[in-house]
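Chemist: Please find one structure pasted underneath; my questions will follow.
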Amino acid sequence: MSANLRVGFIGAGKMASALAQGFIKGQAVKCASHVSASCPIADKHLLEHMKQMGCQTFHCNKELMDCSDVVILAVKPQIMPLVLPDIKSLVASKLMVSIAAGVQLAQLQADLNPESKIVRLMPNTPCIVREGVSVFCSGPQVTPEDNATVKQLFGTVGQIDEVKESMIDAVTGVSGSGPAYMYLIIEAMADGGVKQGLPRDLAYKLAAQTMVGAGRMVLDTHTHPAVLKDEVCSPGGTTITALDMLEKSGLRTSIMQAVEAATKRCTQI
């Protein structure tokens, strides 16, 4: 990956902002001015955060393309058909990365250029604190060097893996949408702590750090979550009593159904 790599975002929503912050903090780019973003004048308020970070901003996608080596398509899926014709003639020498849920490589290739280098990637918002997780798949024109650039770039904001395109929608259901599930659980745990008399700030801190620690245990020990769960459960103790309540409430089934619903939604966009 070039030390002078320039990254452009077509679209300046929350995911683009999260990635931009992560790239800058992770020194994936030489300086903030090597990151740029564009959006219509009607949505110019979305560019304010980018400007505050020191990024370049545009209302013209063609201007952004001219100063970018890697272009990240960060618009909503339904906006993609409006954006692609505008940049079709400019993509030949660019590495294009789409983070739009449900938009397949074949569709992107057909709407852009048969010779264009296109990567489909699904990140998540914890990229902002460099604890994200991303997966990607590549179109036929993408070279090994391009793949290396994607891995190095997104590796600065978390973990990244290459997968088959058929897995991307399920990835969206697990990790793309997953932070929202985790926030809901953190909020519920904290509310439970407050109900039992804990100060609100302490309850949030305990719940959030507990989730961080549990995730790190799974990743670092390579131990099955069921084994780690069993290690916390003493016979007749507090934890197994709490887990019994969660099972009766259908937590496991509800989360599985949430992943399924998010995955199916990708095919409907």
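Start at 1 and count along the chain as shown; that gives each residue its number.
Note: Cβ is positioned from N, Cα and C throughout, glycine not excepted.
What TrEMBL says about a protein is an automatic prediction, not a curated fact.
Sharing the features that TrEMBL gives for it:
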type: DOMAIN; residues: 6-102; note: domain 'Pyrroline-5-carboxylate reductase catalytic N-terminal'
type: BINDING; residues: I10, G11, A12, G13, K14, M15, A74, V75, K76, P77; note: NADP(+) binding site
type: BINDING; residues: N61; note: NADPH binding site
type: DOMAIN; residues: 165-268; note: domain 'Pyrroline-5-carboxylate reductase dimerisation'
Chemist: List every residue in the same chain as I10 (NADP(+) binding site), at least 6 positions away in sequence, whose Cβ is under 8 Å from its Cβ.
Modeler: A37, S38, C39, N61, L64, V71, I72, L73, A74, V75, V83, I87
Chemist: Output, ordered by sequence, the same-chain residues six or more apart from A12 (NADP(+) binding site) with a CB under 8 Å from its CB, or 'none'.
Modeler: A37, S38, C39, D43, L46, L47, H49, M50, T57, A74
Chemist: For the binding-site residues listed here (K14, A74, K76), tell me which residue's CB has the most neighbouring CB atoms inside 10 Å.
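Modeler: Counting Cβ neighbours within 10 Å, the top one is A74.
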Chemist: Counting across all protein chains present, how many other Cβ atoms fall within 10 Å of the Cβ of N61 (NADPH binding site)?
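Modeler: Looking across every protein chain shown, the total is 22.
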